[in-house]
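Novice: What Swiss-Prot shows for this protein is this:
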{"type": "BINDING", "residues": "N14, L16, G41, E63, D85, N105", "note": "S-adenosyl-L-methionine binding site"}
Amino acid sequence: MQTRHRAKKSLGQNFLQDANIARKIVDSLKITENDSIIEIGPGQGALTKFILEAGPESLTLVEKDRDLAPALEAEYPEARVELEDALKFDWAGLDPDRNWKIVGNLPYNVASKIMWDIAAQCNATCVFMVQHEVAQRVTSGPGSKKYGAISVWIQSFCRTDYLFKVPPTVFKPKPKVDSAVIKFFPLPEEEKPSDIEGLAKLVKYCFQYRRKQLGKILKSFISDAVIQWAEKEGVSLTDRPEALSPLQFQSLYKSVKNDFPS
C-alpha cells in the first residue's frame with residue numbers, strides 16, 4: 001500500500017518495511033481456509049497482503065488511525081476494516097464457533113495491555129511482534145529474572161513461544177530497541193483459570209513486591225489453608241513470587257480468595 005502517511009508517535013507507529021520478515025510473521029500463523037483472521041494495527045498493510053494471499057475465510061483489520069483506514073479499505077476490499085482501538089475491542093464477544101487467529105505488529109506503548117486482554121478473553125492462536133524485552137518477559141518461565149506478572153497471566157491461558165528477533169533497521173521510523181515475534185497457543189478451556197479478576201489482582205499484588213518473600217507479601221492472608229497449600233505445592237514461604245508457576249499462582253489464589261481484597 002503506497003501512502004505518504006507519516007508515523008504518529010502518539011500511536012506508537014513504526015511501519016515494517018521488510019517484506020521477508022512480514023511474510024515470515026504471517027507464515028508463523030499457519031493460516032488455513034477455515035481461519036478467521038484479525039490483524040491489529042495493519043498500518044500500511046505490510047502483513048495484510050500476505051494474510052490475504054494465504055486465503056483465510058475472513059480478515060478483519062482493526063485500525064485506530066482514521067487517516068489510514070480509508071487507504072486500507074481501498075487497497076484491500078476483501079477485508080473488513082474496523083476503525084477502533086484494540087484496547088477497546090470486544091475480544092470476549094468473538095464467535096466461539098469460529099477458528100480465530102490474531103496477528104499484529106503491536107505498538108510498544110500498549111502491547112502488554114492488548115496481549116493481557118486477548119489471552120484472557122478469547123480462544124485464539126496469536127502471533128505478535130513486540131518490543132524484544134516484552135517478548136522475553138511473556139515467554140520466560142519461573143525462576144527467570146524476566147518472569148513477572150505478564151508471564152504468569154498469559155501463560156495461565158496460553159502456551160507461549162519465542163519465535164525470532166527483529167532489528168530496528170526494518171522499520172520506518174526506526175525504533176531505538178529490538179523487536180521480537182512471539183506466538184500464543186490457547187490452552188484447553190478446562191485448563192484455564194475461572195476467577196480471572198481475583199487471580200489478576202493476586203498476581204499483580206505479588207509482583208509489586210517481587211523482591212520480598214511470599215510469607216511477607218501474604219502476611220495479612222496467612223491461614224491454615226495457605227500453609228497447607230505451601231506444603232502440597234512444595235513451596236517455601238521464603239520463596240519469592242518468581243518461583244511460582246502459573247498453576248501454583250492459581251492454586252494459591254484458591255487458598256487466599258476468601259481473605260484477599262476483592
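From the backbone N, Cα and C atoms, a Cβ is placed for every residue, glycine too.
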Novice: Would you count the other CB atoms within 10 A of the CB of L16 (S-adenosyl-L-methionine binding site), including those on all shown protein chains?
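Specialist: I get 20 for this one.
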Novice: State the count of C-beta atoms found within 10 angstroms of the C-beta of G41 (S-adenosyl-L-methionine binding site), not counting that atom itself.
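Specialist: G41 (S-adenosyl-L-methionine binding site): 26 neighbouring Cβ atoms within 10 Å.
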Novice: Under 8 Å between C-beta atoms and at least six apart in sequence, can you list the same-chain neighbours of E63 (S-adenosyl-L-methionine binding site), or say none if there are none?
Specialist: G41, P42, G43, A69, L72, V81, E82, L83, E84
Novice: Indicate the candidate from N14, N105 with the smallest number of other Cβ atoms within 10 Å of its Cβ, considering only these binding-site residues.
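Specialist: With the binding-site residues N14, N105, fewest surrounding Cβ atoms within 10 Å: N14.
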Novice: Enter the number of other CB atoms within 10 angstroms of the CB of D85 (S-adenosyl-L-methionine binding site).
Specialist: 14
